[in-house]
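Undergrad: Before I ask anything, here is the structure I am working with.
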Amino acid sequence: MTFRHCVAVDLGASSGRVMLARYDSKHRTLTLREIHRFVNCLQKTDGFDTWDIDSLEKDIRLGLKKVCNEGILIDSIGIDTWGVDYVLLDKQGQRVGLPVSYRDNRTTGIMSQALVQIGKSEIYRRSGIQFLPFNTIYQLRALTKQQPELTAQVAHALLMPDYFSYRLTGEMNWEYTNATTTQLVNINTDDWDDTLLAWTGAKKGWFGRPSHPGNVIGDWICPQGNRIPVVAVASHDTASAVIASPLANKHSAYLSSGTWSLMGFESKMPYTTDEALAANITNEGGAEGRYRVLKNIMGLWLLQRVLKERRITDLPALIAQTEALPACRFLINPNDDRFINPDDMRAEIQAACRETDQPVPVSDAELARCIFDSLALLYADILHELANLRGEKFTQLHIVGGGCQNALLNQLCADACGIRVMAGPVEASTLGNIGIQLMTLDELNNVDDFRQVVSANYDLTTYIPNPDSEIARHVAQFQPKRQTKELCA
């Protein structure tokens, strides 16, 4: 067969897309077309910040039907989403309540309990995963302690992409790359850790053994009656994005830039040393047995919130105004947990500057400048930290995802990090999703083979560091501006 048609369902924390890929195996050309785009946003339910997954499922099915109605024979479907959040099911496979978002405050103080009762080094030794207050381990503990009446009804817990695959196929699956984000998978066995799971109060029977990317979960029956395989792709969106990052060699790092920024490198072995623990490095699962050694950064969430609060719709115009402002006048620590979900992001940023005796950003452009400069400096700090961890410097940084379209931030990143930046592809998560599908269909050999296809089909933009820029001169003296209770503990 010369042509393959694969559908990627890519759900982010603010929007979702159903994308159609067309792959010409003879010429190794790959094209993407957006079929359906929809909004994903939080809603308040019984005092909790929850996801409207019934609406999301409706949009997923609508997008799939649009493809089928075009007369296209779909070869496979894959679903990727953000990590850590889950859906509860009863014995009949029906949903128990709505899934609570990781941004809900129900986990406040829970991680501190775990550090005392289990021990930080013991949790890290078992999981190899960074300490974030909203990890699934702490969400489940909050659930079992705060809502025991709900817990009694639960028979299964599915992570978000696994839930939507279940709704399409009727088959349950627990995909490995996303499962590792829970901080509940044992890094040595690739299975759920009994000790960590027991601490949450959840039952091990809620979960099946994690499966690695590439297996067929089941079939979705389209309106025309065709049975279409649903593939377990690397269902954590960052895992998919890394698959599509055209990393040149072992000296290349990646930055998946979107609502979250995730900076790291690929490794065939995990890093779980005391140094890695002190730096709060995570070892999330990747495809083909590789590890995504990385750190989480709050990312463009801060900007997204400012845009929403200020009702700004012309982002290019705002960036142009921002570029004209001097650098490094307003600096914050983007990873301060005060920015996870404040009532007013603009006011929170201003308060952080005021508390550190800095000028206070007032205009929208000043707020954006504060966010961009602060992110670039944090990128530089973390890249240096990652290089020290592995004992070898990086020579190139690949920025992928929606954030790679921000030329100003890309250049600031290159200047602050002091290395060449390659930006693109934008649709990295979708492409990585498609890549695993094509491997499952025996159209491609492995991840490296797929990266060659990506490099041949998608243009990258190069940013050369300017050592004389304001932000480059500032790097050496950058420190978070006050003692913060950080997101990355």
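The backbone N, Cα and C atoms fix where each Cβ goes, and this holds for glycine too.
Just lifted these from Swiss-Prot, have a look:
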type	residues	note
ACT_SITE	ASP237	active site, proton acceptor
BINDING	ALA13, SER14, SER15, GLY16, ARG17, THR259, GLN304, GLY402	ATP binding site
BINDING	GLY83, HIS236, ASP237, THR238, ASN296	substrate binding site
DISULFID	CYS68-CYS222	disulfide bond
DISULFID	CYS353-CYS370	disulfide bond
DISULFID	CYS413-CYS417	disulfide bond
Undergrad: Please report the distance from the Cα of CYS68 (disulfide bond) to the Cα of SER15 (ATP binding site), rounded to the nearest angstrom.
TA: 22
Undergrad: Any same-chain residues 6+ apart from ALA13 (ATP binding site) with CB under 8 Å of its CB? Would you list them in sequence order, or say none?
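TA: When sequence neighbours closer than 6 are ignored, ALA13 (ATP binding site) has ASN40, TRP82, THR259 within Cβ distance under 8 Å.
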Undergrad: Just how many other Cβ atoms lie inside 10 Å of the Cβ on ASN296 (substrate binding site)?
TA: 22
Undergrad: Nearest of the recorded positions to ARG17 (ATP binding site) by CA-CA distance, picking from CYS222, HIS236, ASN296?
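TA: With Cα distances computed to ARG17 (ATP binding site), the winner among CYS222, HIS236, ASN296 is HIS236.
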Undergrad: Please report the three-state DSSP label of THR259 (ATP binding site).
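TA: DSSP assigns THR259 (ATP binding site) to coil.
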Undergrad: Let me check the 10 A CB neighbour count of ASP237 (active site, proton acceptor). How many other CB atoms are there?
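TA: Taking every protein chain into account, the count is 30.
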Undergrad: Please identify which of SER15, THR238, THR259 has the densest Cβ environment, defined as other Cβ atoms within 10 Å, among these binding-site residues.
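TA: Result for the most crowded candidate: THR238.
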Undergrad: I want to verify one value. Collapsing DSSP to three states, which class is THR238 (substrate binding site)?
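TA: For THR238 (substrate binding site) - judged by DSSP and reduced to three states - the answer is helix.
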Undergrad: Test of understanding: give the count of other CB atoms lying within 10 angstroms of the CB of CYS417 (disulfide bond).
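TA: A 10 Å sphere around the Cβ of CYS417 (disulfide bond) contains 26 other Cβ atoms.
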Undergrad: Three-state secondary structure of CYS417 (disulfide bond) from DSSP?
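TA: For CYS417 (disulfide bond) - judged by DSSP and reduced to three states - the answer is helix.
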